Amino acid sequence: MSRPRRRGRDVHGVLLLDKPQGLSSNDALQKVKRIYNANRAGHTGALDPLATGMLPICLGEATKFSQYLLDSDKRYRVIARLGQRTDTSDADGTVVEERPVTFSEQQLQDALESFRGDTLQVPTMFSALKYQGKPLYEYARQGIEVPREARPITVYELLFIRHEGDELELEVHCSKGTYIRTIIDDLGEKLGCGAHVIYLRRLTVSKYPVERMVTLEQLNALLEEAQTRDIAPSELLDPLLMPMDSPAADYPVVNLPLTSSVYFKNGNPVRTTGAPSEGLVRVTEGEAQKFLGMGEIDSEGRVAPRRLVVEYPV
């Protein structure tokens, strides 16, 4: 007889986790889900186990809007080891080639310049992108290389921080879908010495404030404090959450009057003033501007529902 499924609570929002090194993004997600006793949870844009930094964890209804964070810009600090190339392009892999580091500082600056702006990037085999339904890393672990299409990316900023011996430190502000490991591997090839990532930290995702990041240690400490004070953990944990609509913060807002919002919530497109002429919009209602979900301007200029919040009783 199967054990009845444990019922969590309906908690909605985005936690900005400072993911520790050595933990997979999914393991970090499960820890946060347990700490919050949440019914649903999902992360937006995995970080490698080697990487640390901002990992937005969406809880409850916020999971419906996590896809919009996948499209956002990100900023990283990375340290590369020069002179060694690995099969995964980071320190978790096996060294497959060693070469002397002989480039000049001018050659380094010229190489860095070639990565700035709009470029095409061939994703690493050690990635979660899928080929014929399977993640690329599953093929890579079997020693199989499959064709990958080059994808357009944008590197808005590539800042040189330091070059000391066989270490090179950079800061990268980039578009969605950019693999920092691939940038470092490609840079190593351009410099003729090979390179791989030994340190990677995601500094920011979209416009989320860095000061709102929290660690697993801080979350567990709050759990202990709640137990000591004999209060519900939610009293200490829930104030850490960003609003459930924050993943879609970059989209324009359309506020519907209560007379129109009832139709919108029932799945019908509605006409309203002040809406853009096209594209996705964040829809709110009334004076309180309560978030209803995402809409899209249809061919008749109406706001059509695309993804709505389920209204839970308080």
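Residue positions begin at 1 at the first shown residue.
Each residue, glycine too, has its Cβ placed from N, Cα and C.
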Co-listed substrate-binding residue [Swiss-Prot; alongside His43, Tyr76, Tyr179] among Leu16, Leu158, Leu200: Leu200
Protein Cβ atoms within 10 Å of Leu200 (substrate binding site), excluding its own: 23
In three-state DSSP terms, the structure that Asp48 (active site, nucleophile) belongs to: coil
Helix, strand or coil at Leu200 (substrate binding site) [DSSP, three-state]: strand
Tyr179 (substrate binding site): secondary structure state under DSSP, collapsed to three categories: coil
